[in-house]
């Protein structure tokens, strides 16, 4: 196994431990901690949306016309329907743009 | 072990397994596209076992983001599980330590939601039921990853078959899943602008940490919204 692949294995193990920590941590915290400061709670609440947005917005701006258009269509679908349908419609949109229109 | 409870768990988890299956296959395919081997993808599904964060992990890894930041992002995306494990503590108090550790390992979104509902309805949350519900989702998740990874390895150009738009759309769906939260719009707008600017001025891996930090800091600084939150946090939809 080369060094880079070994690093990937370490990374996956670390990710697994981090995930398990979140799944175990709440149980530990609830028995120790009585109250979380409101500003900390607000910050923690914002973490997932803030992180995930950084994976969406640059793809939309720098991904090219076809990707941006597919994301817009998927966004409209996502306001009403579940992720699976978003993926399907977005995928159809990008395929139509790439193979039919362009 | 109670066989009837175990079977009831299997039945309850079955529809969840079906709806999660496409995401398992999608993860496998995208992981290979991002430089994972088939075995790596399967290993990640078997050990991390958290759809959204696995997708985030392969996306960041494919972009050569620093390892600590990948792990931190996985932690951040899974942070809601802290709330889950705190919340179901009251229902699984009677589990032994080993059973608890296994229960926490299997604690994905639908597992949490179903356990919470079962407890509130006054039905017994037995370990047999919990394990049946968890395993009927866990093992197919790994199998579907394998199928997707093998299939992904056969694909020549992911762009030609539109594979490259699936991750951003998937993440978009996750973001939308949080839209009922306090300060959602200002946080998303801030992180979007900051990450696009950081991508332009600083470069690829850093747009994640800079963009995320901007949104999180804003949330901490903004005055609280006049809305009282009660009960456990709502379960966000996730694969």
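Just so you know, glycine gets a Cβ as well, placed from its N, Cα and C.
Listed in TrEMBL:
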type     : residues  : note
TRANSMEM : B:12-32   : transmembrane segment
TRANSMEM : B:68-86   : transmembrane segment
TRANSMEM : B:129-154 : transmembrane segment
TRANSMEM : B:160-177 : transmembrane segment
TRANSMEM : B:184-202 : transmembrane segment
TRANSMEM : B:208-224 : transmembrane segment
Please figure out which one of B:12-32, B:68-86, B:129-154, B:160-177 racks up the most CB pairs under 8 Å against the transmembrane segment (B:208-224). B:68-86
So, taking each listed stretch (B:12-32, B:68-86, B:160-177) in turn and counting its Cβ pairs to the transmembrane segment (B:129-154) that are under 8 angstroms, which one gives the highest count? B:12-32
Taking a Cβ cut-off under 8 Å, which residues six or more beyond the ends of the transmembrane segment (B:68-86) line up next to it in the same chain? 48, 50, 52-53, 56-57, 60-61, 104, 107, 109, 112, 174, 205, 208-209, 212, 232-233, 236
For the transmembrane segment (B:12-32), sequence-distant contacts whose Cβ falls under 8 Å of one of its Cβ atoms, 6 or more beyond its ends: 38, 40-42, 44-45, 51, 54-55, 58-59, 110-111, 114, 129, 132-137, 140-153, 155, 163, 166-167, 170, 239
